[in-house]
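Enquirer: Sharing a structure below in structure tokens format, with a few things to ask.
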Ligand SMILES: [K+]
Ligand SMILES: [K+]
């Protein structure tokens, strides 16, 4: 029997082959918590076994049926593959939670998985300390796998990489970077994973030495380097009440919120010049400025010692700016002004090419530069000035894309806030913070969804909307939204 | 003695001449409340007399010294004149309040005046019913004068209008309209004032017939057609509890939130075709959609009758969307979702070329169209598609200006919210609503600055920041911000 696999000229076999491979890799990843469950004799061993069977068998057959001998595909296939991979990873990654019965509904399991993969770290599980260690490890692993991106992993494992992998890379890696299209993209992807792995290991060892248990250190390292924010403790990092742990975590959060391409360049070219990067400088300046503002407010308003004020201001700014979402203190009790600053940081986010969420610092820089140039044009209408970032001219096409991204971000934020407020009992600011925290892949918001509480009490509709927000934020809108264009389905003009 | 009036090549004499003329007109306008004070025998007669002397005499001498025989000036002079006119009108318009001792400080008087001129309608006077009728009339008059714009009035009264008046018109009239640069700009400005005057008169007569006192009807007509929102009653329109009054006011608010150029075209060309306007349709659709959503929420959540729900939903949506800011009910007590919708409407605002504030509907339409086109480009990177509005192609320069305006709006909103929250006791949402309500020239926000309260309790710094927000919103950033470019001061390249 011969089936026509080309729907509206889309190359379906290559997408199905890719998704099959993804399922097999995913089943393989689940063997890690499975092993832990076996070693510790946890009952969750069955939920992992069942999930691996359900995911692995169809994955194996898809992979065999649609061999990826060569990736011949275009833009549509790239978008379809990335969207499909994220949705599939989300729906299947939810199975262990659901089978282990640690969440009330499948939607909750899905929320937790998407929150993990998108490195959001918002949780619907109120008592995480009651979870089996294997489930906690799976939870942190979703952060780690999602952090650098499922597709980047993909590329490393592909047999032949042509234009297809470049397209995949473009659709996946966040931020408006010009360094995206690289000649040897497979090597780059592999090198990124190496850096990622090494720093996760260093972070884990340091946290272990600082007093965490081995498993806690591993979990927190996964969640920190991925700027995820899932903790194995109900009260997050404040459980430890340790300055050492806070400073280790703060360092690695700030590290992970910077562009990984910088580290790659430093590593490859053995030069420190790559650190002379505008986005990195602005990113660090914002952290310093926000820390000083908040520390000042905490010191003067709440009668805290300057040391205490600075310590928690720095940790919380690093945590929110890098969109990790850990809490060293219940910042929901802080003064109004500090909350608005943290709220703002949720929108800015970290750097392009990092594991963080939000709009990304480089986009804000470009928008500020474009604004300044526009004011100049108001006086000299005929003067055309080009906008540069690190000596690279940014063309108008990329600039308008940044502006549109900004608009989409704000519109999505507003629309989702209305639905969340309508479908839950949240106050306007709580609802807006819940949306900002999920859209920016931060995790905790304020009030009912604050640092010491969870998203468990949110309505079903609210959870679904916030789940979509997490995916939209992680895939930066275009990848997900492009499937709504008629051209995507081959109904527009053929190209 | 000869003074060099050209500072860094800027044509100062023409600016000073214009400002002198403005002061004389302004002193003339103050004669209206002065007359009322004399007729009613109010003690505020002295505060008006004193203000008229202080404003009129220097105005007269400036006008005589710098005769406006012909307006020869460029972009810089236009921006300087508009900025100067607004600042001068604000500082001198505050004098009657200050002299009449109805406000505690001069800053409060300034806040009230800027709030009037920018048609914001936020008040620092808690008990307006205790004010003299003449002061109330001056308060409403500032709305009416500021509504169509001080400069539009200016142009009508200028002796010779060359390129200068076109530049002034461009710097003044809000919204991204292509109809700005018109050949016979003086006639257009005069015709706009005629329409404005006629509809104010109709509105006043109808309100009088519906049961308001003559003076109240006049005041409310001024404030309604200007989408201002100052009321002569402490509880705004809810004082009357009259469906007839609410519907009259709602109609004229919606009327005034639409583009006046449409009315002008209909009036001149005697054709209804001008109503086939995309912005007008979207503007009305948003009002209908928001009304239905809020009415539904009020009906289901709060156990109100459908009639009550629809009546107040419509009035409040019309009031906030047109950025008037009247209240027919204390909407601060409404469900969370309805508050976020009203909060969103504060940002959208009315149409370009209207007396309303906010971002303007046409800008939102352009941003949505640009976004949709960008998604298309994601699939067909080489296809260049132009964006049209009512069959007019919008060039990329104007589009990027819209995007930058959007960015500036959000950035100003965020920055001001942080300062307001830091300098007042407002909660995050209250602070954000205060900024959104002043930046969008709406008036009341939520909570402490809600529809039944005033801005009286806000700190001094908060009042100053919100005053700047009102001006930035009314002048749409560029006019005010351009003075911070070095080129404006002739320090950049000469053009
Ligand atoms: K996070
Ligand atoms: K208003």
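Cβ atoms here come from the backbone N, Cα and C positions, even for glycine.
Dumping what TrEMBL says about this protein:
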- A:119, A:120, A:228, A:323, A:324, A:441, A:442: K(+) binding site (BINDING)
- A:12-39: transmembrane segment (TRANSMEM)
- A:45-66: transmembrane segment (TRANSMEM)
- A:78-99: transmembrane segment (TRANSMEM)
- A:141-158: transmembrane segment (TRANSMEM)
- A:190-210: transmembrane segment (TRANSMEM)
- A:248-268: transmembrane segment (TRANSMEM)
- A:280-299: transmembrane segment (TRANSMEM)
- A:340-359: transmembrane segment (TRANSMEM)
- A:402-422: transmembrane segment (TRANSMEM)
- A:464-484: transmembrane segment (TRANSMEM)
Enquirer: Suppose the K(+) site is A:119, A:120, A:228, A:323, A:324, A:441, A:442. Which further residues of the same chain have a Cβ inside 8 angstroms of that site's Cβ centroid?
Expert: A:118, A:121, A:226, A:227, A:229, A:322, A:325, A:356, A:357, A:440, A:443
Enquirer: Name the range, of those listed as A:12-39, A:45-66, A:190-210, A:248-268, A:280-299, that has the largest tally of Cβ pairs under 8 Å with the transmembrane segment (A:340-359).
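Expert: Highest pair count goes to A:248-268.
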Enquirer: Are the transmembrane segment (A:190-210) and the transmembrane segment (A:78-99) close enough that 3 or more Cβ pairs fall under 8 Å, when only pairs 6 or more apart in sequence count?
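Expert: Contact criterion not met.
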Enquirer: Mind checking which residues reach the transmembrane segment (A:190-210)? Cβ under 8 Å, same chain, six or more beyond either end.
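Expert: That would be 144, 147-148, 152-153, 156, 216-218, 220-222, 224-225, 242, 244-245, 248-249, 252, 255-256, 260, 263-264, 267-268.
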Enquirer: Residues of the same chain, at least six outside the transmembrane segment (A:45-66), with any C-beta under 8 angstroms of its C-beta?
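Expert: Hits for the transmembrane segment (A:45-66): 13-14, 16-17, 19-24, 26-27, 30-31, 33-34, 37-38, 92, 95-101, 134, 138.
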Enquirer: Report, as numbers and ranges, which residues of the same chain sit near the transmembrane segment (A:402-422): CB under 8 Å and 6 or more residues beyond its ends.
Expert: 176, 347, 359, 363, 366-367, 370, 428, 431-432, 434-436, 439, 458, 461-462, 465-466, 468-469, 472, 476-478, 481
Enquirer: If you draw a 10 Å sphere on the Cβ of residue A:324 (K(+) binding site), how many other Cβ atoms land inside?
Expert: 36
Enquirer: Far apart in sequence but close in space: which same-chain residues, 6 or more away, have a Cβ under 8 Å from residue A:120 (K(+) binding site)?
Expert: A:114, A:228, A:229, A:325, A:357, A:437, A:438, A:441, A:442, A:443, A:470, A:473, A:474
Enquirer: What is the number of other Cβ atoms found within 10 Å of the Cβ of residue A:323 (K(+) binding site)?
Expert: 32
Enquirer: For residue A:441 (K(+) binding site), list the number of other Cβ atoms lying within 10 Å of its Cβ atom.
Expert: 32
Enquirer: Cβ distance under 8 Å to residue A:119 (K(+) binding site), same chain, sequence separation 6 or more: which residues?
Expert: A:143, A:146, A:147, A:226, A:227, A:228, A:229, A:323, A:355, A:356, A:357, A:441, A:474
